[in-house]
Amino acid sequence: MHRNFRKWIFYVFLCFGVLYVKLGALSSVVALGANIICNKIPGLAPRQRAICQSRPDAIIVIGEGAQMGIDECQHQFRFGRWNCSALGEKTVFGQELRVGSREAAFTYAITAAGVAHAVTAACSQGNLSNCGCDREKQGYYNQAEGWKWGGCSADVRYGIDFSRRFVDAREIKKNARRLMNLHNNEAGRKVLEDRMKLECKCHGVSGSCTTKTCWTTLPKFREVGHLLKEKYNAAVQVEVVRASRLRQPTFLRIKQLRSYQKPMETDLVYIEKSPNYCEEDAATGSVGTQGRLCNRTSPGADGCDTMCCGRGYNTHQYTKVWQCNCKFHWCCFVKCNTCSERTEVFTCK
């Protein structure tokens, strides 16, 4: 979801809020506003649209979480041929990759985790109705270890459940891609859950730690992104196992193994090999690398040889100018020199 679209949603809700103040009819106005907004959001499945209409306060948070996932995806792949861009259908989760590749696996995992993270944070901050701090982490005292639950523990289970209900609702086709997407959604949420942190505060006389009050907090989303990038690098190719009677996809097993071994719950899985992402290709969703910045001297993925797929690169020269060697003179002005530097950038042909 683009930032301008998110702002549009916010301003529409704001306008309906002003209308409510003037008319004094909250329920009907909110319902009308939710219907208008939810019908305008591209790519929503019927169940997602129903959730949007019943929980209009949550749709902005969902959008923030989806955008957080997209931003993290772009950060993790900023130096690769594929930079988290696609030519697929526009949805609240960005443009979808048409190929069931390891890149698609990452995008599903990171956006599912992003929605769970954003919803959990909004609940802890009191920005969503029907949720708050984790009630199960209140009042317990561990006398042996000298600590008790206190403060506001993030209710990550609520965030995960909400992400599961909303994000997974777009999987309506009964095929192998559905099983792949659902597995990767769950893997992203599981990585988030496993990285929850315990923070404690000491209580006692003169700085001693007679007792501790502890609570759980969300990890930084960058940490989740790094972990999922590692999962992407070790992604597992799978194939579908079909039921004997209806021949419908039943579960996924690791490909090239004789046994029916299922992937681990935190594995990212894919069913199709990745394209090379060198050229624009509507069939795969690849946008190609033409015009991408590259590093002429790097031997890595961001190097011009790799990034440009052997097509060569263009050199662009420009002069960078800035204020430098600034000194304060009494009294009272600052005098600076003007420095300049000739700079080159390289883009793929």
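In case you wondered, yes, glycine gets a Cβ from its N, Cα and C as well.
As the structure is a computational prediction, the values presented were derived from the model and not from experiment.
Looking up the ranges 180-208, 238-266, 267-295, 296-324 in Swiss-Prot, the one annotated as region 'Disordered linker' turns out to be 238-266. Of the cysteines listed (C336, C339, C348), Swiss-Prot assigns C336 as the disulfide partner of C326.
Only one of C123, C133 is recorded by Swiss-Prot as the disulfide partner of C131: C123.
Counted within 10 Å of its Cβ, the other Cβ atoms near C133 (disulfide bond) come to 18, all protein chains included. Secondary structure from DSSP puts S206 (O-palmitoleoyl serine) in a helix. The 10 Å shell around the Cβ of C324 (disulfide bond) contains 10 further Cβ atoms across the protein chains shown.
For the recorded positions N127, C131, C214, C324, C348, a Cα-Cα cutoff of 10 angstroms around C309 (disulfide bond) retains C348. When the alpha carbons of C123 (disulfide bond) and C209 (disulfide bond) are compared, the span between them is 30 angstrom. Among the disulfide-bonded residues C133, C214, C324, C339, the ones whose Cα is located within 10 Å of the Cα of C202 (disulfide bond) are C214. C326 (disulfide bond) has C339 as its nearest neighbour among the disulfide-bonded residues C209, C214, C332, C339, C348, going by CA to CA distance.
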